[in-house]
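J.: Positions annotated as substrate binding site by TrEMBL: C:79, C:131, C:176, C:183, C:207, C:259, C:277.
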């Protein structure tokens, strides 16, 4: 089997001449389009990214890895980390307990909307992949403080990605922590309606930390294939999550993974995926592949413009769609 | 035994015995639970249904059919017909034209909500599977009046289901037409904001007619497998829709097919499906199967309680989930 | 010297040299500003009005009348008629019965909003001066059909204004009836949530008819002073409404009379008033005066731009504010 | 000597006997009804109040004062303090600057709603008497920190009420500060949409302090008559506010002073007033009287149940209504 150490992590390799070629080609074709997007600016540190970057990596359940473009450029997980903390919560608390506090409804509201929380009683966030839902999910974890809570999320992220040195980007964390009025508003509102308990600044601190976890496209590909395989990381051989938890995560990614762009993504790409405003997308083709993309130029809904375009082409070329 | 590569996996074929047995068993196991649901009452004629009814049918792309329970009890399509008229619109008008007038966003709003239409400009219904979106979709069809518009939808429904005598239930149609204040409100509102053009009563008439199309579970199974196969009805051999149109329809079913229960359905069942308040659900497992279920006892979100329970069990037993 | 026959209706009279002068002056000063407004266009017939028109009339409880500018130009009451039908409903049904079906809450929603009706249960229109509330109020009246319902409203309007030949403008009525999608949406929605009963087209017909009642500024001044006096028309000497009903009407005018411009009007003018998109405003200074203004150029909230400006100046000059 | 022209009417003066009797009687009649209300509990310290308390005081522009019941029981201003800080802001910043950041629209939303802020751009609180508006108003004041900001508000409150030792209730302040998730949510949300600038905890601290200002019914009566007189405290003789600022304050009190109960209050009582969840109401009858009531038993909208009942009766008995 073809795994070797790359960057202290993994060695991309594989006999997939076809796949290598497809990845190279899509990066080349899509790169000019990235000029049409914009990098996230609401977190100042994210605004410094080079919007011309574009990279992709793909991993199979058999343990192959293919890469192209800026696949090793680092970026922060942002909302992709919500998948990680959800996996942790489902594992530690159980499905029933998590979903008694957070819904599983897709929503066409923007990712940081308070409105719906206010209208519909009981005031339960629609799903764990919008900010409100992710914050509540995090608050349910049985850890006494931000430090231990974040350490647990990071540990799961490391095992999902196989990047055992994965850690947060300090500058992004600080930038995020200091400019997050909307998330503070959400958290205080959630607590005011009884949807959230605990020390808000402490919970938010772990939220900002997990959002700032730094990865590259290959890390996301490994994470995606671990979810695709039903929880076993094909490179480390470790069972990281149960297959049931992976099913839930993939289902939520399929219906709510790209904010209010989830429906269009299902039409165009047709595989479970989760995006982050850091420019990453992790996609998970059940039983087959994981894909990680990176392109910090975002579309108006906050999803990586280049990432979606690459995934659309690859899904078609390699017949990946499951819908 | 016939093994062929479908979706990258080896597919056993012809296990008629196994599938028959599974269907029989789930009907038997689930039937007692139907007493917990309620038949739809907002359309008086639907309120007359026997809520103990429960049936299922399954069809493969190879042309097999299995049935169990009250699979041949007739019921009306209701919202399932939205999939048909969407397929017709996509075929006749093209994807771009349809989606310039109707979105593809999943939504956590109830199926007949006006609110979101009022808040967000441009006032475009979120997706073609909520009432507002279905009415707009219907209005786009190039037919001069309700009679010809309905005839075209019915014709497509006949070819999708293979039931060439499929027609509407007159009593349900009349009941629906006479009690549909909410749909009238929606339609007038849509026209007032420029989202709908044309003669409202005429458009609504074809909408009520298509909702009243009478089918049974087997008809839905055939419709489901026709969508699953990429548009070819495996029984008639006719190409009814293009594979691209089928992909769009399956993606929308996966993200918006069960109203605000779509997310939970994705978690529990994990296949594209569409429900109707008449008690039916059509499910479509890409490249493999179609399933039709019937159970008029509904859960609070308006989806067939027994239908979802049967699909959940079958999906697990037969490894049908794609998410 | 001040008595003349006016339209065969009233004799203006009074020694108010001061008031005459003030009215003349404000018309002169305000007229150039009317170019900044726009006539209502959502009812095509209203779009034909000359936006340079500007007139005012004032009447005292002692029976004096003063006029200036285009005080005798005819226009339609539009929303001002809601005050008339409210007075009729309060008189015929009693306060308790009316307010069990319509609220008395001011609202910052636009006059034709459906949203709030959908969110807050019970689905009761906020107040009788928004469209939804006016339609429900009309539906409560004990008349069998649009003809008799409208006749009763018109009769009350005649007695309030003293214009015994007051009638509707046929062209505006037809224009309104044929372009009123939003009102139809409102009415069907109201019925769908149980807030409205009866034949919708018949109720709306009487609504469109009362909106089309044709008056001039002097008619509104008399109506205003009749409300101000506690229900006795000082010119005819007839008790038209009870003082209790007048109090309710004035309170609602003060808090909800100018749509979402009601708060600003209270600050700038400080007297109970009601506007209509036909360009009229009726103001009622309790125990003292009624004022009618006409200026079809509207501000963005749908209120007569010139009317508000004239009322603000007159209120200051003559110390009319009660708030 | 006792008749003077006020608001165009002859005003009897010095009927001390009549007014004293009326006040005594209403306290007696209304007191049993207070058992139907509930004390505020969302601020724990407020929940300790005796809901049977009921008091009233009335002051005239001529400098008379009448009292009855528990008129000298202390309670905290809560939302009534919003009127004070609004007066301060209008005086220090000018009308134009204040209303460029806060609207003057009445609203039927509950006092602490975030929803409307999210929907309507620009994100400007509807009016200065809802929490969001009051917090923004406070933030506009030209003081460097909570200490000096609160000192300025307290100083104005002292001059308005004539209670020169007026100060905050430490226990209520602490209770409020520690349980104010909703206000924190509001403030962070406001800042996230650009509607608020500055140090949120510092601004909120002054908000909680002003809400905790401790007064009695007589203090409110003096404050009410100072607003009624056009800004001159008839007891101290000091001009505390300009008459223009008082007009604005009275207009806002008339349309938005009792949360979503403002419309009903206008109908039942018909005078400008402002309530607080501490149980107080201040009413201001222009050119004539100020009234302060205290009754901690609240109705479901958060207004003093006994206070409204007393004001309704007094308004009728003494012909105080201006609407």
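Each residue, glycine too, has its Cβ placed from N, Cα and C.
As the structure is a computational prediction, the values presented were derived from the model and not from experiment.
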J.: Which site among C:207, C:259 has the most other CB atoms no more than 10 Å from its CB, taking these as binding-site residues?
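T.: Within the set of binding-site residues, the most crowded position is C:207.
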J.: Counting only residues 6+ away in sequence within the same chain, which have a CB under 8 Å from the CB of residue C:277 (substrate binding site)?
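T.: Once residues fewer than 6 apart are set aside, residue C:277 (substrate binding site) is near C:40, C:43, C:46, C:78, C:79, C:298, C:302.
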J.: Would you work out the biggest C-alpha to C-alpha distance among C:79, C:131, C:176, C:183, C:207, C:259, C:277, the residues that bind substrate according to the record, and give it in angstrom as a whole number?
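T.: Farthest Cα pair among residues binding substrate: 19 Å.
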J.: Measure from the Cβ of residue C:131 (substrate binding site) and count the other Cβ atoms within 10 Å, all protein chains considered.
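T.: Excluding its own Cβ, residue C:131 (substrate binding site) sees 22 Cβ atoms within 10 Å.
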J.: Count the other Cβ atoms sitting within 10 Å of the Cβ of residue C:176 (substrate binding site), across every protein chain shown.
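T.: I count 25 other Cβ atoms within 10 Å of it.
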J.: Count the Cβ atoms, other than its own, that fall within 10 Å of the Cβ of residue C:183 (substrate binding site), considering every protein chain shown.
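T.: Residue C:183 (substrate binding site) is surrounded by 23 other Cβ atoms within 10 Å.
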